[in-house]
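Here the structure is laid out as structure tokens; the discussion comes afterwards.
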Amino acid sequence: MTSDMVMLPPLREELSLHCGPAAHDGSPTWTIRDPVRNRFYRIGWAAFEMLSRWHLGDARAVAQDLRDHTTLQVEIEDVAQMAQFLAGHLLTRPMGPNDTARLIERAAAQKHSWWNWLLHHYLFFRIPLVRPDRWLGATLHHVRWLGGRGFMIATALALLAGLVLVGRRWDEFAATLVDTFSLSGLAAYGLALTVVKVTHELAHAYTARHYGCRVPTMGLAFLVMWPVLYTDVNEAWMLASRRQRLRVGSAGIMAELAIAAWATLAWAFLPDGAARQAAFVLAALSWVSSLIINLSPFMRFDGYFLLMDGLELPNLHPRSFAMARWWLREVLFDLGERAPEPMAPPQRAAMIAFAFLVWIYRLTLFLGIAVLVYHFFIKAVGIMLFAVEIGWFVLMPLVSEIREWIKRRPLIEKRQRWRLTGGLLGALLVALALPWPTRIEAPAIIRAHPVTILYLPGPARLAERLVGPGQMVRAGQMIYRFDSPDLERRLAIVDARLAGRQGELETARLDMAYRERLSVLTEDIARLQAEHAALVAERERLNITAPHDGRLVDLPPALDVGDWVSVHLPLGLVQGQVGAVATAYVAEHDLGRIAPGAEVTVVPTSLDHDRLSGKVATIEPAPVKLLADTSLASQQGGPIATFASQAGPIPESPWTRVTISLNQPPPAHELPATALIDAESASPLGRLARSVLIILVREWGA
């Protein structure tokens with residue numbers, strides 16, 4: 001053995017090599033299978049030729065033999081890099097104490113502290129439940145017809161017919177969706193989700209088994225404690241046919257679409273009942289799961305693997321991320337580094353754009369998950385898990401990239417681009433820190449002033465309506481007269497008791513034997529007279545009168561004499577003719593920037609009306625509990641997010657009512673609008689800090 005030999009580590013004996021698909025340039029590829037770790041590695045022609053000569057045991061001999069017998073110009077360094085790749089993925093056997101020590105050191109590095117272990121397993125962990133390979137092989141012939149041409153054609157026809165029939169009855173279909181928003185509906189969705197997802201995973205497993213792939217495990221994976229089913233079909237990477245790999249990858253989505261197609265068709269034909277409700281739940285859930293979730297290429301779901309196989313770009317996410325980070329460094333610092341891999345400019349641009357789309361999607365998703373986790377747990381635990389989510393998924397990638405910048409600091413300082421980048425960044429920070437004159441936009445309603453909504457003090461029956469819609473009324477003029485049989489009965493009872501007590505009082509005054517009861521009778525008569533006066537006043541309040549001069553509008557359309565009316569039914573509005581006002585609703589984080597007297601421009605939503613000018617008149621001291629202007633509620637298509645209650649729409653976040661006086665004549669009817677309120681100058685960074693502080697005070701001060 002000569003001193004200039006470069007020894008190659010021996011390969012593990014249980015590894016196997018399989019033919020892979022052709023690469024983009026037409027060259028062959030192969031797949032290394034590690035059966036112990038169930039890992040697969042795609043290699044090209046040069047790597048395959050090296051492995052074919054690995055038994056030579058010397059990098060120089062391998063490189064020389066390749067140059068002598070192939071057109072490849074391979075150097076010793078290339079063979080050494082291949083050896084490093086194999087050793088790094090534990091595909092070689094240790095040759096001596098040094099290799100053993102490195103393996104021990106690597107195993108020790110992978111051991112984490114208890115809190116690090118808990119962090120990783122809180123974010124994601126798997127629980128294998130079954131080893132289905134033998135069972136799948138034994139039952140495959142029973143379900144093979146589901147992948148046949150006949151069933152696929154029938155499903156496509158069912159899909160087309162179902163969509164046409166549902167399209168004709170879309171209002172009914174949408175109404176059914178609203179009807180399922182209940183506890184029983186949620187239970188039905190949970191059961192349907194289980195059925196759909198089990199079918200999804202079985203479709204992957206059966207298709208992989210059909211093409212000869214082994215399916216070692218199926219089980220549950222937990223992503224931020226949310227359970228999802230998984231199936232290990234990694235052996236699909238050994239399939240040389242791209243068409244077969246695509247069929248394995250798309251089997252779950254195709255199964256869900258088949259469920260959606262047949263369930264949609266069943267809903268169109270079934271009569272009302274439990275079966276039709278079950279068909280609707282299966283259809284709705286399958287459409288959402290397959291089209292919105294599984295087809296998304298931004299997470300590691302079926303859509304991502306289908307995109308990889310369709311484009312023949314393995315490891316698409318890490319490769320696109322590396323390309324985007326390289327592009328970002330070149331834009332910011334002009335480092336002149338080589339791209340992570342050679343690509344045509346259009347493909348490189350597509351990879352960079354895809355990476356940024358994935359980052360934006362994941363940022364939005366992880367922020368949403370973090371907020372959900374925060375609200376799901378108690379505050380002390382929720383804020384900790386929120387911090388873990390944001391730190392792990394959002395901040396850690398940023399910190400990792402900044403570390404790369406720090407490593408390249410000497411090179412960055414040699415380039416001129418960093419001065420331009422730093423100057424632009426500094427200018428942006430200064431611009432964000434300086435106060436800007438701004439206007440606050442607030443949803444508003446323009447109405448006549450004063451305006452009074454008419455309500456009954458208690459349930460009563462309509463006896464007479466004296467004023468019609470649109471008519472002018474005077475202050476104190478009677479508009480409605482109501483009666484209440486219960487009130488009249490109570491009044492008659494009190495009158496009878498009062499008459500009896502008054503008769504007893506007259507007798508007591510004439511007969512000395514009853515003289516001692518005078519004081520008791522006098523107190524009873526006073527109490528009955530007070531009760532009588534209260535009942536008469538209550539009866540008078542049933543006569544609805546105009547509180548001020550104005551026009552009567554918005555009367556209930558289906559109110560007839562003899563109808564009973566509750567206290568919650570508005571009986572109309574009396575619109576005064578003094579002037580116009582706008583009732584605006586200002587969000588909590590903007591409230592501290594406005595004050596009475598601030599100038600306001602009110603822009604009606606309708607283009608038929610001009611802008612109005614005015615000033616802030618009053619600001620209520622506390623946020624509204626119920627949204628009186630229901631037309632602004634989200635349930636009515638308005639801009640204020642609310643949730644429904646029996647009392648009325650309740651804002652999801654704090655909104656404060658602000659009254660704006662307008663120098664305009666009163667409108668004929670209410671107008672939705674947007675109020676542009678002049679506010680104190682504030683910097684964007686200050687506004688952000690204020691919003692964060694308000695949220696912290698609200699969440700932790702409660």
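Glycine is no exception: its Cβ is also placed from the backbone N, Cα and C atoms.
Through the fold, the transmembrane segment (146-166) approaches residues 173, 206-207, 210, 251, 257-258, 260-262, 264-265, 267-269, 283 of its own chain, all at least 6 residues removed from its boundaries and within a Cβ separation under 8 Å. The transmembrane segment feature in TrEMBL is assigned to 146-166 (among others).
Residues 166, 256, 259, 267, 277-278, 280-282, 284-286, 289 of the same chain, all 6+ positions outside the transmembrane segment (173-196), place their C-beta atoms under 8 angstroms from a C-beta of that stretch. The transmembrane segment annotation in TrEMBL covers 173-196 (among others).
Annotation source TrEMBL lists transmembrane segment at 208-230 (among others).
Taken from TrEMBL, the feature transmembrane segment applies to 251-270 (among others).
Tertiary neighbourhood of the transmembrane segment (276-295): same-chain residues 162, 173, 176-177, 180, 185, 188-189, 192-193, 195-197, 200, 252-253, 256-257, 259-260, 263-264, 266-267, 270, 301-303, 306, selected by CB-CB distance under 8 Å and a gap of 6+ residues from either end. Under the heading transmembrane segment, TrEMBL lists 276-295 (among others).
Feature annotation from TrEMBL assigns transmembrane segment to 352-374 (among others).
Among the features that TrEMBL reports, transmembrane segment is placed at 380-399 (among others).
Annotation comment: TrEMBL describes 420-437 (among others) as transmembrane segment. Sequence-remote contacts of a segment are chain residues at least 6 beyond its ends whose Cβ falls under 8 Å from one of its Cβ atoms, and for the transmembrane segment (420-437) they are 332-333, 681-686.
Non-local neighbours of the coiled coil (518-545) in the same chain are 454, 456-458, 460, 476-484, 487-488, 490-491, 494-495, 497-498, 501-502, 504-505, 508-509, 571; each lies 6+ residues outside the stretch with a CB under 8 Å from one of its CB atoms. TrEMBL lists 518-545 with the feature coiled coil.
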Tertiary contacts of the transmembrane segment (208-230) (same chain, 6+ residues out, Cβ under 8 Å): 38, 122-133, 136-137, 140, 144, 147, 197-198, 200-201, 236, 238-239, 244, 247-248, 251, 369, 373, 389
